[in-house]
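Q: Please read through the structure below; I'll follow up with questions.
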Amino acid sequence: MFIDHPPPRDKQPNPYKGNRGVMRAWRALKYSLSGFKFAVFEESAFRQELALAAILLPAAVFLPVTAVERVLLIGSVLLVLIIELVNSSIEAAIDRISLERHELSKRAKDFGSAAVLVALGLCLLTWASLAGPVIAELIRTALF
């Protein structure tokens, strides 16, 4: 049997955690859009990857591939954007703590950068193996 204990008197409730239901979802959406907007306007790497996504996502929709292949193509592109957002948040948190150079700060930023590199490699491998042969065949039939 679980007993619902009230919070200790000396602990003040967090004013940012009081929303529930639709209001919580609405505020979460606003925060998410704010983060996306900040990434677009302040992070050049995110803008570059977003430009790549603007080319690859429509291509994935229109390429004659199976539904599973389409999901893999789209998912690999979205994964790059997701990992870049996480990397940017790591960098922002490290910079918030201190702008001085520190080995652990460098390591955290390098790990985030490595994660982006792995996601980009996965995206390249996915597109090369799934879309590459299809695009080559489309070019071959268009030329001959």
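From the backbone N, Cα and C atoms, a Cβ is placed for every residue, glycine too.
Dumping what TrEMBL says about this protein:
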- Glu84: active site, proton acceptor (ACT_SITE)
- Arg24, Tyr31, Glu43, Glu91, Glu100, Arg101, His102, Lys109, Asp110: ATP binding site (BINDING)
- Glu43, Glu91: divalent metal cation binding site (BINDING)
- 50-67: transmembrane segment (TRANSMEM)
- 73-94: transmembrane segment (TRANSMEM)
- 114-136: transmembrane segment (TRANSMEM)
Q: Taking the Cα atoms as reference points, how far is Arg24 (ATP binding site) from Glu84 (active site, proton acceptor) in Å?
A: 25
Q: What same-chain residues lie close to the transmembrane segment (50-67): Cβ under 8 Å, and 6 or more beyond its ends?
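A: Contacts with the transmembrane segment (50-67): 40, 73-74, 77-78, 80-81, 127, 130-131, 134-135.
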Q: By the count of other Cβ atoms within 10 Å, pick out the sparsest of the recorded positions Glu43, Glu84, Glu91, Glu100.
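A: So among Glu43, Glu84, Glu91, Glu100, the recorded positions given, the one with the fewest Cβ atoms within 10 Å is Glu100.
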Q: Across all chains shown, how many C-beta atoms besides its own are within 10 angstroms of the C-beta of Asp110 (ATP binding site)?
A: 10
Q: Cβ under 8 Å, sequence separation of at least 6 from the ends of the transmembrane segment (73-94): give me the contacting residues as numbers and ranges.
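A: Those are 35-36, 39, 43, 45-46, 49-50, 52-53, 56-57, 59-61, 63, 65, 105, 108-109, 111-113, 115-116, 118-120, 122-123, 126-127, 130-131, in sequence order.
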Q: Any idea what the Cα distance is from Glu100 (ATP binding site) over to Glu91 (divalent metal cation binding site), rounded to a whole Å?
A: 13
